[in-house]
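Notes follow the structure.
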Amino acid sequence: MGPISAPSCRWRIPWQGLLLTASLFTFWNPPTTAQLTIEAVPSNAAEGKEVLLLVHNLPQDPRGYNWYKGETVDANRRIIGYVISNQQITPGPAYSNRETIYPNASLLMRNVTRNDTGSYTLQVIKLNLMSEEVTGQFSVHPETPKPSISSNNSNPVEDKDAVAFTCEPETQNTTYLWWVNGQSLPVSPRLQLSNGNRTLTLLSVTRNDVGPYECEIQNPASANFSDPVTLNVLYGPDAPTISPSDTYYHAGVNLNLSCHAASNPPSQYSWSVNGTFQQYTQKLFIPNITTKNSGSYACHTTNSATGRNRTTVRMITVSDALVQGSSPGLSARATVSIMIGVLARVALI
């Protein structure tokens, strides 16, 4: 009661600029028989933020309040007091110039540190000079830093290499989470978590494992995400495809073949005809072919990064005679001759 009956000084509450001030002006507890309680908002705070110890169910017509650090009423640990009759505020030994008390007994603490973690006791002085106490708690946690991802292999070979991602830095009392393509980590026997979930290992990577990958670190008060990381998965070449798919040609036309194989990095291409090397190109062009150009046409693909190579062979027949269904072998002159013959026969009928 000392601070209420004989305050050492008179302070003005710095209402302007404080978080939640407007709501606190209007939040005055009506008479109630409910139990006196303290709600910490938030109950888990990040360092440097604010915590409001919000009081619920004040006794009717109290004379004043005192706040204490800890679970008991201890004059040496008194933070601040408030006298309702004259709005007098008295700081105590535990006051740190970061606390603001409001007319409804709520206490705002600014720029909290981990040393502020713990219990706080409110003493309410009633009209009969009897007191009622209640205790609340909150915890302060470090602000989570922005994490980063390190990798033991950013250019893995498909179906051969494994990749281990590590989320940095290592911090205490922190939860590590992983995200792939913006989604939570799927369940897969090829994905393994270790080192307290700090390390994500991809076994036998495939070309679909490009990403992006993100790691998140969180504690009860805050969370932070890393920048996304992608993999450059080396793969292929797959079996090359030769186009067009025609195998019969008529002498005199141009042979124009193209080869393609899925590969990262892009494959190197070469052609051979009947076992004889022709050229290092993706396309093969032979003008005015003859029957001597019949044979096996092989497209060879090589990926120097993966050390792999694939070959596809196409058997091509060049004939002087027209082959039904072999449109690439029909010259324009032959097509016109056929059409004239058909029209003449129709006219005779």
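For all residues, glycine too, the Cβ spot is worked out from N, Cα and C.
Feature annotation from Swiss-Prot assigns signal peptide to 1-34.
Mapped onto DSSP helix, strand and coil, the domain 'Ig-like V-type' (35-142) counts 6 helix, 55 strand, 47 coil. According to Swiss-Prot, the domain 'Ig-like V-type' annotation covers 35-142, on the basis of sequence analysis.
If you draw a 10 Å sphere around the CB of Asn104 (N-linked glycosylation site), it holds 18 other CB atoms from the protein chains shown. Taken from Swiss-Prot, the feature N-linked glycosylation site covers Asn104 (among others).
As annotated by Swiss-Prot, N-linked glycosylation site applies to Asn111 (among others), with the evidence given as sequence analysis. Within 10 Å of the Cβ of Asn111 (N-linked glycosylation site) there are 12 other Cβ atoms, across all protein chains.
If you take the C-beta of Asn115 (N-linked glycosylation site) and look for same-chain residues 6 or more apart in sequence within under 8 angstroms, you find Val140. Marked as N-linked glycosylation site by Swiss-Prot on the basis of sequence analysis: Asn115 (among others).
Residues or ranges marked as domain 'Ig-like C2-type 1' in Swiss-Prot (evidence: sequence analysis): 145-232.
Taken from Swiss-Prot, the feature N-linked glycosylation site covers Asn152 (among others), and the record attributes it to sequence analysis. Using a 10 Å radius centred on the Cβ of Asn152 (N-linked glycosylation site) and all shown protein chains, the other Cβ atoms total 13.
Residues or ranges marked as disulfide bond by Swiss-Prot on the basis of sequence analysis: Cys167-Cys215 (among others). In the three-state DSSP scheme, Cys215 (disulfide bond) falls into the strand class. Within 10 Å of the C-beta atom of Cys215 (disulfide bond) sit 25 other C-beta atoms, taking all shown protein chains into account.
Secondary structure at Asn173 (N-linked glycosylation site), as computed by DSSP, is coil. For Asn173 (N-linked glycosylation site), the count of additional Cβ atoms within 10 Å of its Cβ stands at 8 [all protein chains shown]. Under the heading N-linked glycosylation site, Swiss-Prot lists Asn173 (among others), citing sequence analysis as support.
Sequence-distant neighbours of Asn197 (N-linked glycosylation site) (same chain, six or more apart, CB under 8 Å from its CB) are Thr175, Tyr176, Leu177, Trp178, listed in sequence order. What Swiss-Prot lists as N-linked glycosylation site is Asn197 (among others), and the listing cites sequence analysis.
DSSP classifies Asn224 (N-linked glycosylation site) as strand under the three-state reduction. Around Asn224 (N-linked glycosylation site), the C-beta neighbours below 8 angstroms that are at least 6 residues distant in the chain are Thr144, Pro145, Lys146, Pro147, Glu216, Ile217, Gln218. Residues or ranges marked as N-linked glycosylation site in Swiss-Prot (evidence: sequence analysis): Asn224 (among others).
The domain 'Ig-like C2-type 2' annotation in Swiss-Prot covers 237-319, and the record cites sequence analysis as its basis.
What Swiss-Prot records for Asn256 (among others) is N-linked glycosylation site, and it gives sequence analysis as the kind of evidence. There are 13 other Cβ atoms within 10 Å of the Cβ belonging to Asn256 (N-linked glycosylation site). Under DSSP, Asn256 (N-linked glycosylation site) is assigned to a strand (E or B) in the three-state scheme.
Here Swiss-Prot flags Cys259-Cys299 (among others) as disulfide bond. In this structure, Cys299 (disulfide bond) is part of a beta strand by DSSP.
A coil conformation is recorded for Asn274 (N-linked glycosylation site) in the three-state DSSP classification, outside any helix or strand. Sequence annotations record features per position, and here Swiss-Prot assigns N-linked glycosylation site to Asn274 (among others).
For Asn288 (among others), the entry in Swiss-Prot reads N-linked glycosylation site. Residues near Asn288 (N-linked glycosylation site) in space but far in sequence (CB under 8 A, at least 6 apart, same chain), listed by position: Gly252, Val253, Asn254.
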Segment-level pLDDT (mean, integer) for the domain 'Ig-like V-type' (35-142): 95
Cα distance (Å, whole number) from Asn274 (N-linked glycosylation site) to Asn104 (N-linked glycosylation site): 96
Cys215 (disulfide bond) to Asn256 (N-linked glycosylation site) - Cα separation in whole Å: 50
Cα distance (Å, whole number) from Asp320 (GPI-anchor amidated aspartate) to Cys167 (disulfide bond): 68
Spatially closest candidate among Asn152, Cys259, Asp320, the listed recorded positions, to Asn309 (N-linked glycosylation site) (Cα to Cα): Cys259
